[in-house]
């Protein structure tokens, strides 16, 4: 176990003053040289009065943030569970098993890769192509066929129609992705945060290089769409001269997109993604990287404030609270709520959590989900909160309502934060698993449905539009890290590799059932959830204002929070990245 890291983390958490209303993320308690996103200069201490203003008054102490509970929960895992050094990441294992199942269906059961535009490798696999394991030779055989003049004319017409469809869709999606009419221009190199690695004039990179790399990547995607692989390889060669896994945000972005493009051209995207998910990166390493992410980025914390605060408010005065969590993973969302419930006047309610996630590989598919339950039970015991847990590990659209152990005398809340994007939709399977999950939630008839989503438009069946939208989305994510974390930070590099890099590989190089990164915009989710039989309810005003206040007070100035149609939106430099909303059955 990495005792040095755990001890340092414990000292950091214990530095909080729990006898004041001080925010748990008070920057005076953090190593400013490492965590202050705005400057390297020391920041004057906040007064107690200033700190207390960041936590809005509520009905009880339980409505404070309590985000230190998440850090303590994470710290306890790292200190007490030595086997985390040997175990792979739970999320990666889930995705690897889903990719393996889809890959098996393609290779063994000869199911086609469902896509309207799979232009790297085979579009529809035959038995011969399956036996050759997506070889590059197959790509050449498929796309070097001679076409008659009539066929060539029809192909050009189809390509023109595809381009028009993509342009129309891109204009519609832009409205859901931008908080402003025009997305802010990227910062020039001399405006990049001082926290990045200092560079002299000799090492300075011209600002137009950032634009050139993005343009070259889009040119490469266009060449693939047009089946011009020789041009694609030529453009890739130019890009590889400038991309760098440890460079600035654009160089890092290009590095991972190049890897995904090469896998797509080789027709091995699904295999590479599956192998990347099974890499022996320990759970402990990824948890440390996740901790670094939490320190500089407010998205998960603010979503938890809104979700947990809303659940706590709704359950006030209730004796039983049943939370059904689709995508529980390690249960990081619940320590804050458990601590809040423990402080409730009159004592905490009986808390039951049904933790749902995808199965793990091996003979014990529910082992990690059950492990999460034992971990939460231990935490509840510490705070004297009565607790009951039910773990379910299976495909979400195959869950039956009888497995949920519902009691109509209890308050029931369904929670799903940023995980429904991994469920397939109607573009792959006619009987949409995504809609089936929403129908199951409607059948549960919860008192409240908390929906958090990653706001993205890179779920199009056409490669070029999906590629362009993914490029914009991940450019924003890499820019966040470049403005808030040192470039030589090993936890940042690991997070980018294992989270952003894997997702880019899946979005660009995989198709059909093997492509599991399928986000939608919050307006698309709005329509989908309404069709499932829900109506949206207003956000709790004080919780929304608390989120805005905390982001303004403790995070980089380019993080933004806004509201639109009862959705709480979070973003960076005007681009919406996450959204959260509350629903109840219509």
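Each residue, glycine too, has its Cβ placed from N, Cα and C.
Since this is a predicted model, take the numbers as computed values, not measurements.
The region 'Disordered' feature in TrEMBL is assigned to 24-55 (among others).
Here TrEMBL flags 40-55 as compositional bias 'Polar residues'.
The region 'Disordered' feature in TrEMBL is assigned to 145-171 (among others).
Sequence annotations record features per position, and here TrEMBL assigns region 'Leucine repeat I (LRI)' to 211-271. Averaged across the region 'Leucine repeat I (LRI)' (211-271), the predicted model reaches a pLDDT of 93.
The region 'VHIID' feature in TrEMBL is assigned to 290-355.
Proximity of distant same-chain residues to the motif 'VHIID' (321-325), defined by a Cβ-Cβ separation under 8 Å and at least 6 residues beyond the stretch ends, is recorded for 311, 315, 331, 333-334, 341, 349-356, 404, 406-407, 410-416, 444, 446. Feature annotation from TrEMBL assigns motif 'VHIID' to 321-325.
Under 8 Å from some Cβ of the region 'Leucine repeat II (LRII)' (371-403) lie the Cβ atoms of residues 73, 76-77, 326, 328-331, 334-335, 338-339, 341-342, 348-360, 365, 423, 433-434, 436-437, 440, 443-444, all in the same chain and six or more residues away from its ends. What TrEMBL records for 371-403 is region 'Leucine repeat II (LRII)'.
Taken from TrEMBL, the feature region 'SAW' applies to 509-584.
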